[in-house]
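Colleague: Annotations per TrEMBL:
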- 1-68: region 'Disordered' (REGION)
- 37-64: compositional bias 'Polar residues' (COMPBIAS)
- 169-188: transmembrane segment (TRANSMEM)
- 218-238: transmembrane segment (TRANSMEM)
- 244-263: transmembrane segment (TRANSMEM)
- 320-345: transmembrane segment (TRANSMEM)
- 389-411: transmembrane segment (TRANSMEM)
- 417-435: transmembrane segment (TRANSMEM)
- 489-508: region 'Disordered' (REGION)
- 521-543: region 'Disordered' (REGION)
- 528-543: compositional bias 'Basic and acidic residues' (COMPBIAS)
Amino acid sequence: MAEPEVASTDSEAVPTPENSTPLDDASPLEEHVPSIDTPTLAPTSPESRLSRNPSFSGSSSTYQEDWDSNFPPLDRLTVLELLDNFTLPQQLEKLQKGISAQTEKVRKSREAFNTKSRQARERMVDEWRRRVPSAEEQLDRYRKRMRNSVDKLGKRWNDTKAITLREKISFIFGVMNIFVSGYLIGGWPEYMHWWYTIQILYFMPIRFYTYHKRGYHYFLADLCYFVNFLLLLSVWVFPKSKRLFTAVYCLAFGNNAVAIIMWRNSLVFHSFDKVTSLFIHIMPCATLHCIVHLISPEHQASRFPAIYTIKHSPAGSPTAYANVLSMLAWSTIPYAIWQLSYYFFITVRRRDKIAAGRPTSFTWLRQSYSKVWIGKFVLGLPEALQEPAFMFIQYAYAVLTMLPCSLWFYYRWASAGFLGVVFVWSVYNGATYYIDVFGKRFQKELEAMRKEVERWQGEHEGLVGGGGWSDHGEEKKVGLGEGISGKVLDERREGDEDSGGGLDNIPLLNDERPAAAMVTGLEVGDGGARDVARERRQGRGGI
């Protein structure tokens, strides 16, 4: 019986035809086992190398085919091919570890976020609980506010110090100014220009200081101040200049005088600003009326030769400047100088300041007359043409007011009648201010207090029941936080103090508003502008 075949391995010597022996002559299997060569690292001879000859039969041929099909030849293997078998598992293991670390990090972040959110919610609830006002605290707050309101109203009603010392002094000087001016006009008209000069040297520095402090100093470049400056030059520096006097007379009796009506200058004795504005517009006319019509011809010829020459020149003579054409022509020259200077030095050079909110005559009039047809016309033009259109309308208004100046110059009673109408108009504006503003102001305060009492009662009841009351008596919801902290009480109290008291809620020209139906009236006098222009905010730059 033949012995079973022993599977050959890499460590066994592959039989060759030369060294193979028949099994019959061979010794038993135990004798052949010790003779198998053990693989060593020593170099092998060519005879001991593996043979790739496919002529071998049996198991050797099958093994060789499997080797060739699964692995490339050994002489063609590279290091990278060997290393690739080890790199892929390492990368998979590293990726798995990274995913596990990120998952753990996200889990910890979620737990930390939930913990912080819970702690913040607990702190907020604790803070709300600490700040919850009790019913007694809410009632005390209500009583305190109502007591303050009653005390404030009582002070306005009973306290004689509501009018400050400065307002008292202004009232006294205002009344005395009217008395002294009337006395000089009736008894000593030749000294009227002295009285006018003394007053303007008193009023103008104060006006300049207060306007510059409040941010209104661009209004000091208006035409009314320029006219007063020209009148001082005509009286004290150039009394012989007929052309200068003609221009001053037309501008004073034209723009300045009509501005009292257009801008509603008011004779309010306790207001220093209103008294100053009325003085700037009416006193040049009163002074010119005295030196033209009330002083003697001898004194006029010696002290004011230009006036005497114009008044006594025959019609058609070269010195007869009191006709309409001459007055318009000679008054246009200083007017053009003022207008161009104002445009270049204020409108152009101070454009950045004006754009930042500094009020000027043009910006104020553009806002005041935005709903009047003439304002709509100017605002409907391109922005580059609005200022030229405004200047043209302003000059047209000046021409219209100067047309009757020849009549005022030649006829004494016509001039006196015109001044009387203008002055009575200012007195009427002052009476309207005293009655309507003061009387209605106190009436509004009483009405506001009544509404405040009703509103506080409703709010107190609403806070107890979880709701509040609106200004119109309609119930509305109050937020939980506002209801707990009582913030709604503070906000509505502040709203009451600000309503009707802020500058934004006061309509333009409230005290000095010209008639809306007037077509002209764009001459820029400060009478209305200074009383309604908004105060400069703190923190703005200088001029």
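Indices start at 1 and increase along the chain as displayed.
Note that Cβ sites are derived from N, Cα and C of the backbone, with glycine treated the same way.
Where the annotation comes from TrEMBL, it is an automatic prediction and has not been curated.
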Colleague: With pairs closer than 6 in sequence left out, are the transmembrane segment (244-263) and the transmembrane segment (389-411) joined by 3 or more CB pairs under 8 Å?
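Modeller: Answer yes, regions in contact.
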Colleague: Under 8 Å, at least three CB pairs between the transmembrane segment (218-238) and the transmembrane segment (320-345) (pairs 6 or more apart)?
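Modeller: Stretch pair touches.
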Colleague: How about the transmembrane segment (320-345) with the transmembrane segment (417-435) - do they touch, taking at least 3 C-beta pairs under 8 Å (6 or more apart in sequence) as contact?
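Modeller: Not in contact, no.
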